[in-house]
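Working notes, beginning with the structure itself.
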Amino acid sequence: MSIDFALPQDAAIPAAAEERVNRTPLAVSVRGLQRRYGARVVIDALDLDIREGEFVTLLGESGCGKTTLLRALAGLDQPDAGQIRAPERPSVVFQEHRLLPWATLWENVVLGHETTIGRVGATRALAEVGLSGREDDWPRNLSGGQAQRVALARGLVRDPALLLLDEPFAALDALTRIKMHGLVKELVARHHPGVLLVTHDVDEALTLADRILVMRSGRIAASFHPKNHTPQALRPILLEELGVQSH
């Protein structure tokens, strides 16, 4: 089963562009993934490919399996069947920044990679997210948006092939979210990881994604390439896929 369905609304990708995409290395490949909790099937024979440099967003109702899929890709949840193939362990940024309060910002950035990255690498990563000169500061002195910037720096400091984002902007105010969207797009363009962003926000998906997936009942129900649509045309289609009235 391929999850990238050719939906009637989606125009075909030009052959030359498709060939370039197909030559890009895979950040992750998933085949036949299944996860059960008792008798309930949360992920049902799911297939998924994400290529390096591709930004994929995953929409769906609560309980459809989005976070379970992300946790499986991150190695935090063991699937019951199927294969997950990735060149290396991915990086994950969660809704909560999960910074250690007793560690400085640079120590948080290199957590688990102290000997291979060190302070110099942390300083560079913090500068990339607009926190230059704050290496020796403490998490308690940061705003919510600044803390998520540190979490992003930690996620990208080792240049992962795959970056997993689990609603990292959901708790931020509207203006900070907009700023974070711009920062994430800039960082992804610079580092070229494959990205899977789990979100409930259709507008966030339209702003960030190269490809938007809609998950329903443990399966990928629809796939769209935003470049083939105007946001005004695609937004009501996505809302309809999610079972939301777009009036």
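Even glycines carry a Cβ here, placed using N, Cα and C.
Annotation for GLY65 (ATP binding site): spatial neighbours ARG35, VAL42, ILE43, ASP44, LEU46, MET215, SER217, GLY218, criterion Cβ-Cβ under 8 Å with sequence separation of six or more. Positions annotated as ATP binding site by Swiss-Prot, on the basis of sequence analysis: GLY60, GLU61, SER62, GLY63, CYS64, GLY65, LYS66, THR67.
Summarising the annotation, Swiss-Prot assigns domain 'ABC transporter' to 28-242 and lists sequence analysis as the type of evidence.
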Three-state secondary structure, which DSSP defines for SER62 (ATP binding site): coil
Number of other Cβ atoms within 10 Å of the Cβ of GLY60 (ATP binding site) across all protein chains: 24
Nonlocal residues around CYS64 (ATP binding site), in sequence order (Cβ under 8 Å, 6 or more apart): MET215, ARG216, SER217, GLY218
Surrounding CB atoms that lie within 10 Å of the CB of GLU61 (ATP binding site), all protein chains: 15
Least surrounded among the binding-site residues, given as SER62, THR67, when other CB atoms within 10 Å are counted: SER62
Residues flanking the ATP site, with Cβ no more than 8 Å from the Cβ centroid of GLY60, GLU61, SER62, GLY63, CYS64, GLY65, LYS66, THR67 and excluding those residues themselves: THR68, MET215
